[in-house]
Amino acid sequence: MASNITPQIRALARTPIVAESRAEKTATVSATAVWNSSAPNLRCKVQKLDSVEKKSQPASPCRSPILSAMRPDLSVACQAFSAEAVNAAEGAEERIYIEGGKLGGNKNGKGVPVYVMMPLDSVTIGNTVNRRKAMNASLQALKSARVEGVMMDVWWGLVERDSPGVYNWGGYSELLEMAKRHGLKVQAVMSFHQCGGNVGDSCFIPLPKWAVEEIDKDPDLAYTDQWGRRNCEYLSLGCDTLAVLKGRTPVQCYSDFMRAFRDNFKHLLSDTIVEIQVGMGPAGELRYPSYPEQNGTWKFPGIGAFQCYDKYMRSSLKAAAEAAGKPEWGNTVPTDAGHYNNWPEDTKFFRKEGGGWSSPYGEFFLGWYSQLLLDHGERMLSSAKAIFENTGAKISVKVAGIHWHYGTRSHAPELTAGYYNTRLRDGYLPIAQMLARHGAVFNFTCIEMRDHEQPQNALCAPEKLVKQVALATREAQVPLAGENALPRYDEYAHEKILQASSLNVDGNSDDREMCAFTYLRMSPHLFQPDNWRRFVAFVKKMNEGKSPDKCWEQVEREAEHFVHVSQPLVQEAAGALMH
């Protein structure tokens, strides 16, 4: 957008929408009226979610769907993502004002609020807002669709980049104020991991320079596999409590960062910043970096590899073995667990018949490996809870949806990631119970996936996995939130999310629903006309919550009516960007 185009779409609500142009044309509509009035003579029948025609979808969790080319007459947000369009718009004079209070939310308080993940590079390496005009236009568009808010990564490697204890919040201050201005809530992710090397990573943001320097001096601060490969996405939890970072422990560094965030943004906590998601591993998830995509190390649906060969982890293993009265078990880590891209039956450790995973040693090792991850979560949550207590912000933790080889006995990919989940043992209940002790939200991925969309020879079962997690959170009485693992814009995926968010896993979910859903991700693809229309309808349906008279066709029609009425306004601005 041009520098003299100042879209100030604060919120679509009960006040009019006015469009101004050089010709002094004006158009006024009531957004609320559009939403509250159905199209006349609408005939509709309720359909079961699973009765919709199936579409061919990506099988791998590492490949996004092939999307159609963008049209030139989309929305402000869509066009603003193009730097060329932004530069070409200099000198344009059109302005759009959509004023008013809060739109969306349910009168009865039910329904599942929808958040949208912001781009990973929303803040630049220089700590300024990236693509400021595009970001502003995108937030306006999201608010108009009744989205509850956005999720943003607050990168440790950007804010505390140059010197320990020196924080630069510049870009985040502006971004958070922008969200507040548009009436959007924020889920702030304390991203203590590297960006780059995981599914969907579109940029590279390393750990702080001074932390990387310490890793260079002591490579065992990084996770290590049995072949000596170091992974610097996240500091090894083996050194959590050791003063290895210029006089501070990693957990102290994380705590100081969260405390500085709280102190700097205390005026926004509760009203704008409603959730703090505590990063606990690669991709911000509570897990080991067992399936790194970087440099082609791992490819779906490989089993991954254990990450416990640094000296700190091996020292912990030795101590645990001695405590168990089996000191010999502390001298070695499984060497028969295969390679990153093997399948369970290729290995002695994970095979179903006589596999080492079910032996006394295997049970000891897997118990130790998974317990270290739980202990790491306990330390991080204890700190986060103390820091953000009485601020009004919730605490959440993200857990990975590792659904491949779920149908095998050993569940090898889950085991290498640190989730001690097998056909004989529930690995998600201990995680849920740990979160419940700290009043934290259990955030889980792969909510949009269906079993039949995945490679059946790899015995993928995302639906069964989501059901297991839902049951575990219900037993532990901890709130469950969800995310989609891959970008999806089709109704078939939306319907699966609606179904999963109802938490009707055994026909007896009562009034329980997911506490929130975060949609992956803000991008030009989301603002393509067809994708945007479907997304608006999806958000409306999620906001409605459980209802016996749900009708997807009716909601689609209402969404089309709304999108059609507001389209001239966004097209005017989009047209200005092209000249």
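Heads up, the Cβ atoms here are built off N, Cα and C, so glycines get one too.
Any TrEMBL annotation is an automated prediction that lacks curation.
Over in TrEMBL, the protein carries these features:
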{"type": "BINDING", "residues": "Asp153, His193, Asp201, Lys398, His403, Thr445, Asn484, Ala485, Arg521", "note": "substrate binding site"}
{"type": "ACT_SITE", "residues": "Glu285", "note": "active site, proton donor"}
{"type": "ACT_SITE", "residues": "Glu483", "note": "active site, proton acceptor"}
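Within the same chain, residues at least six positions away from Asp153 (substrate binding site) with a Cβ under 8 Å of its Cβ are Met118, Leu120, Ser122, Val189, Ser191, Cys195, Gly284. Within 10 Å of its Cβ, the residue among the binding-site residues His403, Arg521 with the fewest other Cβ atoms is Arg521. In this view, the residue listed as 'active site, proton acceptor' is surrounded by 22 other Cβ atoms within 10 Å of its Cβ, with every protein chain counted. Glu483 (active site, proton acceptor) and His403 (substrate binding site) are 14 Å apart (CA-CA, integer value). In sequence order, Lys398, Val399, Ala400 constitute the residues six or more apart from the residue listed as 'active site, proton donor' in its chain with CB-CB distances below 8 Å. Every protein chain shown contributes to the tally, and the Cβ of Asn484 (substrate binding site) ends up with 23 other Cβ atoms within 10 Å. Calculated from their C-alpha atoms, the gap between Arg521 (substrate binding site) and the residue listed as 'active site, proton acceptor' amounts to 10 Å.
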